Amino acid sequence: MINSKIIILNNNKVIYYKPQNITLISILEKNDIILDSQCKQGYCGSCRIKLLKGHVYYKNIFPLASCKPKDIFPCCCTISGSILIKI
């Protein structure tokens with residue numbers, strides 16, 4: 001499988017990963033990027049970040065917290081390609 005990347009705009013960090021069925025927050029945490037998070041199920045919205053480019057998927061849980069356009073919830077979304085985010 002081809003490696004994809006997560007580019008984090010506000011700290012110029014690039015994370016390379018092999019697409020798997022794991023949440024975005026898990027990938028970030030494995031790379032020492034810790035976000036505020038409480039419920040890890042999309043209810044509270046504390047992990048909300050901006051998706052500037054790319055796509056995320058909500059397979060098992062769709063977030064219930066209110067959000068603005070381009071807001072995503074890394075605790076319950078997965079990715080399958082490269083993305084650009086702002087934390």
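Any Cβ shown, glycine's included, is placed from N, Cα and C.
Copied over from Swiss-Prot:
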| type | residues | note |
| --- | --- | --- |
| BINDING | CYS39, CYS44, CYS47, CYS75 | [2Fe-2S] cluster binding site |
| DOMAIN | 4-87 | domain '2Fe-2S ferredoxin-type' |
List, in sequence order, the same-chain residues at least six positions removed whose CB sits under 8 Å from that of CYS47 ([2Fe-2S] cluster binding site)?
ILE25, LEU35, ASP36, SER37, LYS40, PHE73, PRO74, CYS75
Remaining residues near the recorded [2Fe-2S] cluster site, that is with C-beta within 8 Å of the centroid of the site residues CYS39, CYS44, CYS47, CYS75:
SER37, GLN38, LYS40, GLN41, GLY42, TYR43, GLY45, SER46, ALA65, PHE73, CYS76
Could you give the number of helix, strand and coil residues in the domain '2Fe-2S ferredoxin-type' (4-87) as assigned by DSSP?
10 helix, 25 strand, 49 coil
Quick check on the binding-site residues CYS39, CYS44, CYS75: which one has the highest count of other Cβ atoms within 10 Å of its Cβ?
CYS75
